[in-house]
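So that you can see what the record holds, here are the features copied from Swiss-Prot:
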TRANSMEM  5-25  transmembrane segment
TRANSMEM  30-50  transmembrane segment
TRANSMEM  56-76  transmembrane segment
TRANSMEM  105-125  transmembrane segment
TRANSMEM  132-152  transmembrane segment
C-alpha cells in the first residue's frame, strides 16, 4: 500500500518535472511563438482527472516554482495559476465530460486567458508588453491537448491513480 502511494505521487511529480523541463527547453527563434504551455497542460489534466489530490494548492506551489525559475516577480504565476485552476476545479465535472475536440478548443481559450492574465498582472506591477504570439502558443497547446490527455490518462490508469 505504501509503495503504491509513493509510486502515485512520484508519477504526478515526474509529470510536473517533465513539464518544467519542456517549458525551459530552447526552441529555434522562428518557432518560439509556437511554444505550448506545457505546465498549464499538465496541471489542467491533473486538475480534471483528480481534483481532490491536485488542485489550488499545487497550482500555487507550481506557480511559485515557475516564478523562481523564470526570475519573474514572485507570486505572479502563482496567483494566475491558482485562480484559474480554482475555476477549472469548480467545473471539473462539466469539463471532464466534454468531447476531446471541444476540450481542445477550451484549452486554447484557457491558455490564452492565463497568458493574458499574467500580462495584466505584470503590466500593473511594471512595464510589460503583450506579444500577439501568445495566441499561436495557445493554439499549439490546444492542438497538443488530445495527445497529452490520452498519454497521461493511459499512464494514470496503469499506475491506478484515482
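Every residue, even glycine, has its Cβ placed from backbone N, Cα and C.
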Legend entry - Positions whose Cβ lies under 8 angstroms from the transmembrane segment (132-152), at least six residues beyond its ends: 15, 32-37, 40-42, 45-46, 49, 100-101, 103-105, 107-109, 111-112, 115-116, 119
Inset, instruction - Residue list, the transmembrane segment (56-76) vs rest of chain: Cβ under 8 Å, 6 or more residues beyond ends. - result: 16, 20, 23-24, 39, 43, 46-47, 82, 84-86, 89, 118, 121-122, 125-126
